[in-house]
Structure formats: C-alpha cells, structure tokens
Amino acid sequence: MGILTRFMRRLKGTKDNGGSAQEEIEGALDHFIQQVESKVKAREMYPLIRAELYDHMQSRVDEEIRLGASLADAEAAAVRQMGEPLETARQLNKVHRARWPWLLWLLLVVWISISCLTMYIYEMKPSDPYGLSLTTKHIYMMGIGMIFFMVICAIDYRKWLNKGMFILMLILATMVAAQMFGMKVNGHTFLNLGFNTYINIFSLSPFPLLLGLYLWYTQIQQQSTSSLKRKEWKLLFISMVPILFYVYELRFFAIMIYMTGLVLLWSKWLRISWKRIGIFIGMLCIGGLSLLASSDYIRRRLISWMEYGIFQGEGKGGDSYVYDQTRAALTEAGWLGHGLTDTLHIPYLFSENMTLFIIYTFGWIGGLLLLAVFGLLVGVMYRLAANVKHELGRGIMRLAATYMMLHAVLYILGLTNVIPLNGGGMPLLSYGGGNIILWMFVLGLFCNVYIRKDMIPVMKSTT
Amino acid sequence: MKISKELLKGSTTLLVLSMLEQQPMYGYQLIKRLEQRSSSVFTLKEGTLYPILHTLESEGQVEAIWSEADGRQRKTYHLTDKGRKLLQEKKAEWDLFRGSLDRVIGEV
C-alpha cells in the first residue's frame, strides 16, 4: 500500500501547488494522458488511470530508445501506438460509471408491492377494526421511505467512515432518553420526537449499532497500530452496553439479532479469540440466568415454547396468548390457506406478523413463495456485494444483506417454534413507519455502495 | 496480411484472458506478448487495452496488484477463478464458431 499511497499523495500535492511531479510526465505523453483525463467522468480514477497509461507509454519509450530512436521520436511512437485518446476515454467511461442494481430494484418493487397488497387484503377482512387507513398510511410511509432511500443513495458512503462513534453514541443516548422520557405502549417503550412522531428505538437500534461498531472498528484499524489493543477492548466493552438495555426492556428479538450480528462482526474484525468468546458466553449465561430468575413473564414464555415444541400442547392464555395463537394459526393454515373470507384474530398482526397473515390466507404454498422471493432478494444482495472491491463498501453491503437475512431467519425460527421468539416480522412487510424508514436506510446504504463501485479507486499493492 | 478491425474486436477478451492464463502481466507486457505470439498479426491500438482490462477487473474476472518497477507504478493483472471460467466459455464459443465457419466455407 505504501508505494501507491506515496504516489497518490505526490499527485495530489502536484495538483495543489502545481509542483514538480507533473513535470515528470512531460510533453507528448502528458498531453495524451491529459486528453484522456479531460473526457473521463470519474474524477477519482484519474491518478490510477494516469499512472497506468504513463507506465505503458514510458515502457514503449524505453524500448524505442533501446532500439536507437531519439527521445522525441520514441515519445511520438508511444503516443501513436496508443491510438485515439478520446476513444480510450469513451471506452473508459463505459467502465468507470455509476452502476445501477436493476435486478435488486425490480425485486424490491415486487417485495414492496406484496407488502402493500397484503395490507390492503388485511383491511378487506370482515372484522377489520382499523378502517381503510392502514393501507393508505402504509403506502404513505413507503413514499417517505423512498425519499429517505434516495437521500441515503446520494450521500457518498465513505463519509460515514468517521461517524461510527457518533452513530453509536447517538443511538445509546436515544435509548437512555427513551428510558427516561419515553412512554410504554403494550410493554414497548416509545420515544416522542415531537410532531406526533413516536419511535420504537429498541427495535430499530440493532442495525445502526452494528453499523456504528463496524465503522468505528474500520476507522481504528486505519488510524494507528500503537494503541490498537486498548481501542479494541474499549470497542468490545461498548458493544456490550446495548445488550443491557435490551435485557432490561425484554427485547428478545433485538437481543438475538444484535448478538448474532456482534458475533459475526467479532469473528471477522476482532479475530476469533477463545478468551473473548469465553467472556462473551460467560456474560451471556450470567445475564440469561438472572433474567430467568427475575421474571415470571420470561418463565411463562419459556414454558409455553416448550409445551409447543416438546409436547405439542394447547395455548394456555395469559401472557403467552399471542405466542400460542401464532403457532396455532401457522399449523391450521394448511397448504392452500383459508382464503380471503376467513379472519385471523391475533393482536398486533399488522405490525408484527403480516407474514403469518399471508401464510394463513394463502397457505404454506403462499409462505414458501414469499420465502422464495425473499431468498432471491437476499441472494442478489450477496452476489452484488461480492463484486465490490472497496473493502469498507463490501463490508457495509454484507452487513446490510446479513442483517436482512438474520431478521427473516430469526422471525421464521420463532414462527416455527424452533426458538422462543415471537413477532419481529419480515423486512418491509409489516406496518410501522420507523421500521420502513430503517429498512429503506439499510437498502439505500447498500445501493449507495454498489452505484459507486467502479468510480472509486481501489489499490492492492505488493508492499 | 492485416486482420479486419471488427474481427479482432470480437475476440479481444478471449485473447486477453488467454494471455493472462499463462502468467500475470501488466498492460505493455501483454501487448508485446500478444504481438510475439501472433507474429504481429494481432496488433491492438494500445489505448483500447485498458478499458478491456478495467471491465474484466470490474466484473471480477481479473485482479490487479500495484507495484513499483523502473521507478514507476505498475499495475499487474492476474486471472481469477471467475476469469478462468469465462475463458473456458469463450474458448468453447470460439471452437463452435470456428468449426461452423470452416464447414460453411468448405475447409473441412
């Protein structure tokens, strides 16, 4: 990396003060390169294109001189062999341009259409208590989400690099504020942002926290090596703090998704260390046992899960009512479902369990088709991420794709009673403005990286 | 005898991938090796090589490493597994094309 960094710095210095490096690329060669550059649109690629073309032409000059040509003749021959500079620039513009992930966008349109259509069908049901406002609000929030998506797409993702700590602290501060000033609705804490806007920060926070940790760690790696260990431990400590909030708030879904994401991040960036994993598992056991000992609610939830999982029992009512009904609805759906006339009576269905509603209405076949579309969506995301050379960008894309996949996998494992989780929903499928905006942020960030993939210089060096 | 530009244009990716299959090369080296191997029949306008290499790099078929040589920065390309797969496909395509062409013009 050293040589290239020096070279880039040298070229940058040249531009700043019109200095001597420019003079190294002289006369005819320089004129040719400038003509190419003047027509290449991806300005950040200039230093690398310049270096490569210069090396090529200078190699030709050296050979011509070895064969007995004068310097002027050798340079003229080098330029002549290169062909038309504007044609080279035109061809380079075909490569170094914005890349639009059309297939992903098409799949997203399909997914969002399924989401809006499901909401519409849900409201058509005979016993719907919510009138025709849900679909309208859902589409309205999708519209706001689209604006958010476009704004995130427009901001160069590399500007996020030094914002990791800020994102972490902002989310943690919002969690504290929610604890202090928030209001409880059905056991969930909402923070009032004013203008009649309430956010469920605890369910929205895992992705920004994981993103903040990733960005902060990447920044630490780039900055220094002297106090790297100390900074890593600091980061490790801070990464534990949200778990305390989630446990206190009994946010099982958030705990699962955040901790799974955390383990994946550690295994990649903090390198797997048995000592750290031991500490992590130890903390998990202590936290889990104290939670189990302190909460009747959790004990009842676990018993309910075991009854379904082990004894295939019936619902017992009380705290586990939603939990029991959800599993019963899944079992009763059958291959073809109950169609549009039968209604599913489960609280918060539209905000937590629209996937279940689809399965109940269109059967297991409908559920499998839904999973197929989602699998395709995530598969395309991973494939696009693999084509990105910029490490930070590729990391962000993989984080976004993994977060989407984790969310869906945990929800499905909960729904099928493999793990004791309830609700959470598939990305973008359920009602809820905050959730829609978060998913649009995740997808906007993902597309942002892909769009710029061929306009950003990436250098791998032997030294 | 000179080869038609259009004929060469359709096979440059195959030629570049074939060259890189033998060993990693930088642009100028690739051009020279191509000229030598084809007894100067395949002579590209050298500026057109880089968009081809950059396209292959963008699609993950080749990877590039920067190093310092002769006091200059040099970008050396090498074939990836994806590139090897593409090369096999291009070779199969070329064999089919050549066989069909030979049959039509009566060489075989």
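Cβ from N, Cα, C; glycine included.
Per TrEMBL, the features are as follows:
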type     : residues  : note
TRANSMEM : A:102-122 : transmembrane segment
TRANSMEM : A:138-157 : transmembrane segment
TRANSMEM : A:164-183 : transmembrane segment
TRANSMEM : A:195-217 : transmembrane segment
TRANSMEM : A:233-248 : transmembrane segment
TRANSMEM : A:254-270 : transmembrane segment
TRANSMEM : A:277-298 : transmembrane segment
TRANSMEM : A:357-384 : transmembrane segment
TRANSMEM : A:396-416 : transmembrane segment
TRANSMEM : A:428-451 : transmembrane segment
Quiz prompt | For the transmembrane segment (A:164-183): best-contacting stretch of A:102-122, A:138-157, A:195-217, A:254-270, A:357-384, by Cβ pairs under 8 Å | solution = A:195-217
Quiz item: Does the transmembrane segment (A:254-270) come near the transmembrane segment (A:233-248), with 3+ Cβ pairs under 8 Å (pairs 6 or more apart)?
Solution: yes
Practice problem: Report the listed stretch (A:138-157, A:396-416, A:428-451) having the maximum count of Cβ pairs within less than 8 Å of the transmembrane segment (A:195-217). | Solution: A:428-451
Practice problem: Using a Cβ distance cut-off of under 8 Å, indicate which of A:102-122, A:138-157, A:233-248 has the most pairs with the transmembrane segment (A:357-384). | Solution: A:102-122
Exercise. Could you name the stretch, out of A:138-157, A:233-248, A:396-416, A:428-451, with the greatest number of CB pairs under 8 A to the transmembrane segment (A:102-122)?
Key: A:428-451
Quiz item: Same chain, outside the transmembrane segment (A:233-248) by at least 6, Cβ under 8 Å from its Cβ: which residues?
Solution: 168, 171-172, 175, 179, 202, 205-206, 209, 213, 216-217, 220, 254-255, 258-259, 262, 266, 270, 276, 283, 287, 291
